[in-house]
Structure formats: structure tokens, C-alpha cells
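Peer 1: Once you've had a glance at the structure underneath, I'll fire off some questions.
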Amino acid sequence: MASASKVFIAVIGAGGVGKCFLGQLHALAARRTTQSINLGYISSSKKAIYNNDYSPIPIDTAAQVLAQSSQSPPTIQQLAEYLAAAPDKVVLVDNTSSQDVADSYPLFLQKGISIVTPNKKAFSGSYSLWEDIFTSAEKSGAKVFHESSVGAGLPVISTLSDLIDTGDKVTKIEGVFSGTMSFLFNSFAPTQGAGGKWSVEVGKAKALGYTEPDPRDDLNGLDVARKLTILARIAGLPVESPTSFPVQSLIPKELESCTSGDEFLEKLPAFDEQMEETKKAAEAEGKVVRFVGSIDVASKSVKVGLEKFDRSHPIAALQGSDNIISFYTERYGSNPLIVQGAGAGGEVTAMGVTSDLLKVLRQI
Ligand SMILES: NC(=O)c1ccc[n+]([C@@H]2O[C@H](COP(=O)([O-])OP(=O)(O)OC[C@H]3O[C@@H](n4cnc5c(N)ncnc54)[C@H](OP(=O)(O)O)[C@@H]3O)[C@@H](O)[C@H]2O)c1
């Protein structure tokens, strides 16, 4: 099948990832000689730019023009109708973390609009939404890719899909899926020993911008659970939701009701002893503690929480805020296929989105 000669790109979300994506899209459109890639729509939560005659928006200045725009975004239903009537093939790029946008993927896909996104919400929400998305895509022929929803730009989803599609049998997936948790444990329990107090390390991670504004949003384990839900489903396990398997929260029960992240950080030192005991117990066995997610495909078990690792284990030896994901398969035997590197950041996340877009461009 010949690729479409003209493609209409609609972008929702122009924050950290969205702005980097626009930079990469501008360079891609300039490089692409066989296909004309036009930006036709862009919005944030309160503003939008689009033209009733579908004329293109200059990509290089789109983010600045959007910030000055007085045009309000249409409703999702109106946007779907506008895009469905576009004269060219349409790819919708969702660079938000919005559940509402995620819930509307089936609507866009049914209208033949392809989707690429780093947004985890659609793929880690209810299992019925997951089924609806892929059934809608299959029926209309529209494409859907979400590489950056796990491990940012790291080739995690494509690697897992390739292993499965080529007939390998994935037995187990294990790894550190959160840059925040990686940074915290690499400094709280370094392989060479010592490390700071837990509350001090959490405060440091927040000051360096590694945590969400309220660190409890990282420490509750839900972000990691969402990523595990996505991988487990791709591996064939019909996981109902990210709360349908054991997820260990690192928020002390007593601090769940704190009204702000600052209050939480203020009270956290009183609970340092609990984490210190966990660290010492691992040290007594010559190990270090890490926050990991794992999927055992044969026993259909998925879990997220603290585990002990030998100091020489690749998970223990991780640096900085890197992610590491090990795929144990029949072909790879006891030495897993390992994907490792930065699991967050605007440019690397946008790279995953842009490479997904390239896959769609080749297929439509
Ligand atoms: N940053 C990373 O390192 C990273 C890594 C992996 C995956 N991701 C994923 O990438 C996505 C984007 O992350 P980010 O860091 O770029 O977030 P961000 O900086 O908060 O930007 C989000 C953008 O989406 C817009 N938005 C939110 N809700 C919207 C809605 N309902 N309709 C239209 N626009 C809406 C926001 O507009 P306003 O400014 O008007 O609110 C903003 O422009 C998220 O799903 C995130 O989980 C990010």
C-alpha cells in the first residue's frame, strides 16, 4: 500500500512533552520529501488553533501562537467531527494526561483517525476501554501506538510486541519503571552502602524536580502499577485495572490524610525508622532494596513493591533516575533481554511519540 501523500496532524497538549514533540515534528516535516506533513490543529486545556478551511498552522511557532490564542478548544465530539471531515488522513497526537481525552480514543478511531500518545490513562484504565480501543482500530483500519506510555522513549512496548509477534514466549518481565523511585532508592540504598535518611532523600528528589509536586503521587506506586497493567495486557493477561493486583504504597498510613505535599514532607522524618529497618534487613543478606514491578506470565501474577537484589544484579546497579526493564523469554533463556536508560524527560518522551508517528505514516 502506498503511503498517504498528505497527512493532517492534530495535537492535543503543548506542555513539557508537547513542546518537544512540536520541535521534532518541525524537523521531521522538513526532512520528509515523500509525504507532506501538516499541523492542522493544536490545543491546550483552554486554548486552540485551527482553521475552518483546514489550512496548515506553521509548526515552528505553533506553541507561542497557541499561548496567545483567543480561540477556545471545541468539545471532544466537535473535534472528532472536525477531524473526520479533514481532506487528508489524520493522526491525533495526545500529549496530555487527561482521562477525558483517553476515554474518547474509540470515538476518534471509529472515524478512521489514528492515535499516537504517551498518555497512560487509556491503556491502564478499565479493561473494557482497552478492548474498545483496539476493536475500534481494527474495524476502521486506524492505527494506535503508545510507546512512551511505559519507559518514555525507551523501546519497551515495541520490544515486548516484537518478542510476542515473532513467536517467542515471554515468561517474566521485571524492572524499575519509575525515574523517581529509581533516583530515590539509588541514593537511599546505594550498592556501595550508606545512603541518606529516607525523608531527606525524598526531600532532595522533590527539590531536584524528580517527584510530582506532591511526592505521595509517586510513592503510592500507582504510576508504576499503570505501566505494569499496560505490559501485562500486551503479554496477554486481561488485567482489569491498576488496582486489581498487589501494589505496595510507600506512604505511611498515618500520612495518607495530610492535606498537602509540604505537610507530608514535614511529618515524614518520624517514619524514617521503618524504611531504615527495610534497608538493614536487605544489607544483612548482602543485598539492596529497590522498588520494582514484575509480571509472572505463567502464574498470571502482577505485583509492584519493594524487593531485595544482590548488589551485582543489574536492577541494583542502576544509576541516577534511569529505568531498567528485563524481559525473560524462552529464546533468551536465563540471560534476559534488558532495556535501560532515561525513563523520563521531554525530549526522550517526545522521541517515542515521534517514532510512533513515523510508524503510522508508513502504514496509512
Ligand atoms: N514528562 C515526562 O517525562 C513524561 C514521560 C513519560 C510519559 N509522559 C506523559 O506525557 C504526557 C504529557 O506529559 P507532560 O509532562 O508534557 O505534561 P504537562 O507539561 O502537564 O502538559 C500537559 C499538556 O496537556 C494539556 N491538557 C491537559 N488536559 C487537557 C485537555 N483535557 N484538553 C486539552 N489539553 C489538555 C495541558 O494544557 P494546560 O497547560 O492548559 O493545562 C498541557 O498543555 C502525560 O500523559 C505524561 O504522563 C511524560
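Glycine residues also receive a Cβ, built from the backbone N, Cα and C atoms like all the rest.
A TrEMBL annotation is a machine prediction, not a hand-curated record.
Note that this is a predicted model, so its numbers are computed, not measured.
I grabbed these lines from TrEMBL:
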DOMAIN    13-147  domain 'Aspartate/homoserine dehydrogenase NAD-binding'
BINDING   GLY13, ALA14, GLY15, GLY16, VAL17, GLY18  NADP(+) binding site
BINDING   THR96, LYS120  NADPH binding site
DOMAIN    155-358  domain 'Homoserine dehydrogenase catalytic'
BINDING   GLU212  L-homoserine binding site
ACT_SITE  LYS227  active site, proton donor
Peer 1: Around ligand 1, within a Cβ distance of under 6 Å, which of the recorded positions ALA14, GLU212, LYS227 show up?
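Peer 2: Close enough to ligand 1 are ALA14.
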Peer 1: Sequence order is fine: just name those recorded positions in THR96, LYS120, GLU212, LYS227 with a Cα within 10 angstroms of GLY15 (NADP(+) binding site).
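Peer 2: Cα within 10 Å of GLY15 (NADP(+) binding site): THR96.
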Peer 1: For the domain 'Aspartate/homoserine dehydrogenase NAD-binding' (13-147), how many residues does DSSP put in helix, in strand and in coil?
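Peer 2: Looking at the domain 'Aspartate/homoserine dehydrogenase NAD-binding' (13-147) with DSSP, the answer is 62 helix, 22 strand, 51 coil.
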Peer 1: Reported as an integer number of Å, what is the Cα distance between THR96 (NADPH binding site) and GLY13 (NADP(+) binding site)?
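Peer 2: Checking the Cα atoms of THR96 (NADPH binding site) and GLY13 (NADP(+) binding site) gives a distance of 5 Å.
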Peer 1: Can you list, in sequence order, the residues of the same chain other than GLY13, ALA14, GLY15, GLY16, VAL17, GLY18 whose CB lies within 8 Å of the CB centroid of the NADP(+) site?
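Peer 2: Filtered neighbour residues, in order: LYS19, CYS20, PHE21, ASN95, THR96, GLY346.
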Peer 1: Write down the Cα-Cα distance for LYS120 (NADPH binding site) and ALA14 (NADP(+) binding site), rounded and given in Å.
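Peer 2: A Cα-Cα distance of 17 Å.
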Peer 1: Return the residues near VAL17 (NADP(+) binding site), defined as same-chain residues 6+ apart in sequence whose C-beta is under 8 angstroms from its C-beta, sorted by sequence, else 'none'.
Peer 2: ASN95, PRO118, SER148, GLY346, THR349, ALA350, VAL353
Peer 1: GLY16 (NADP(+) binding site) to the residue listed as 'L-homoserine binding site': how many Å between their Cα atoms?
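Peer 2: Cα-Cα, rounded: 14 Å.
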Peer 1: Of the recorded positions listed here (LYS120, GLU212, LYS227), which is spatially closest to GLY18 (NADP(+) binding site) when Cα positions are compared?
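Peer 2: Looking at Cα distances from GLY18 (NADP(+) binding site), the smallest one goes to LYS120.
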Peer 1: List, in sequence order, those binding-site residues among GLY13, LYS120, GLU212 whose Cα sits within 10 Å of the Cα of the residue listed as 'active site, proton donor'.
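Peer 2: Candidates kept after distance check: LYS120.
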Peer 1: Find, for the listed recorded positions LYS120, LYS227, the residue with the lowest Cβ contact count at a 10 Å cut-off, counting only other Cβ atoms.
Peer 2: LYS120
Peer 1: Under 8 Å Cβ-Cβ from GLU212 (L-homoserine binding site), six or more apart in the same chain: what's there?
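Peer 2: Spatial neighbours, sequence-distant, of GLU212 (L-homoserine binding site): THR180, ASP218, GLY261.
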